[in-house]
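Asker: For 42, 452, 505, the entry in TrEMBL reads Mg(2+) binding site. Look at TrEMBL and you will find 61, 64, 499 tagged as Ni(2+) binding site. TrEMBL lists 64, 502 with the feature Fe cation binding site.
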């Protein structure tokens, strides 16, 4: 007889999410991802000056705020017809790129790694390294004091949990070091963004900062430290985990998902913005490995399973956000984006698959790793290396532009500052967690409609009008799970780095809750 498992809450994610899984004979046979919090940012934007959207949309998230502000600016610029100068493009790249270097190590060490580490194995560390002994003593003192958050509460270690004391204590030392590195990455972003969180330099048409030499020097010093950690600690740790203790999960393709991938592309590499660091494209699960050119007109959102007024699937330009709490069959505040009717995964793995990135594909081929939870971690590490090298290129190009004696480069297109009476704009970009799109319409010089399709909307989407589950729901179906210790459920969920919090409960076949986890 099937059991339903619901975890309440799944910690180490951002936001509010409830996931139910139905388990039969140790295998997930069905899953429901439920966004349980309504915020209404899109309604707040209606009637506002389009130029305000940059700062309002940043409040959607305290992690990816620069990505939202930047994408909003791009959407309004599309409506205004603004042409962003190259110096401003470079500054935007550096502001947002700094937060990518903050976000990916954060996801690995502080959100996901603890799913695979038996933290209490540090008690058996027999080495003599002073810095590791300090970590051991700190952990054991916290255990003795009964104050081990955020390392606990936790699920019980299973056969894929790492309990080698040397590996565990080294990973925990890097966990602590990564906290310091995050501060440096945020400081980088604040140097050019004005502050963090919620930068203030990116505006419609460009940026407001003309960096001084000492600011760029300080940025470079911090960048050197962050890149050193990324290249010498973070990436080797990820590769070591994924090709070592977690290789069995990788070979099995645990948490594979829909097999369809979409990426919009992002981070302009030339004056026109036609060449980007990350490429756009679509891979259908029906034709693996075939990268199709992206057509944004084929993006639709279904509200079939969402607490919104019923309607046919629509392109975001034509969508709306009208609450219907009593809607029959609805179970989420998240809509269901689809591309040509397919539930497509977004994020690092999707980006690397669309790019056909040789570094990731070679690693997966060499070790027999299939797309899934482990491959997502490897993809984040590989694109971090792409970002570190690009950050130096952008910084060098910016210093060269600003250092010219013959001219002062523009940082803003002031000729397209005022909003049009009527217009519409769209921006497709990449955030650390995946593809991010903003759509808006302008009437009488103010926003009449604003729609955001964020990475987690794609990944955590509920069933659509054809009853097709979203990518995370599909990734959970077929998963081996111990109903009394559903650690595999949270491993897969966190591999997507969802920007919301998860809530799950355990109920019996008759629907009665029997355990709260």
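Every residue number used here counts from 1 along the chain in the order it is shown.
Every residue gets a Cβ built from N, Cα and C, even glycine.
Heads up, TrEMBL stuff is auto-annotated, nobody curated it.
Owing to the predicted nature of the structure, the values given are computational and were not obtained by experimental measurement.
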Asker: In angstrom units, rounded to an integer, how far apart are the Cα atoms of residue 64 (Ni(2+) binding site) and residue 452 (Mg(2+) binding site)?
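Answerer: A Cα-Cα distance of 13 Å.
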Asker: Cα of residue 61 (Ni(2+) binding site) to Cα of residue 42 (Mg(2+) binding site): how many Å, rounded?
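Answerer: Residue 42 (Mg(2+) binding site) has its Cα 14 Å from the Cα of residue 61 (Ni(2+) binding site).
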Asker: Under DSSP, is residue 42 (Mg(2+) binding site) part of a helix or a strand, or is it coil?
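Answerer: Assignment for residue 42 (Mg(2+) binding site) reads helix.
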Asker: Using DSSP with the three-state reduction, classify residue 452 (Mg(2+) binding site) as helix, strand or coil.
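Answerer: Assignment for residue 452 (Mg(2+) binding site) reads strand.
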Asker: For each of the binding-site residues (61, 64), count the other CB atoms lying within 10 A of its CB, then report the residue with the highest count.
Answerer: 64
Asker: Rounded to the nearest Å, what's the C-alpha distance separating residue 42 (Mg(2+) binding site) and residue 499 (Ni(2+) binding site)? Just drop the number here, would you?
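Answerer: Their Cα atoms are separated by 17 Å.
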Asker: Measuring Cα to Cα, how far is residue 452 (Mg(2+) binding site) from residue 499 (Ni(2+) binding site) in Å?
Answerer: 14
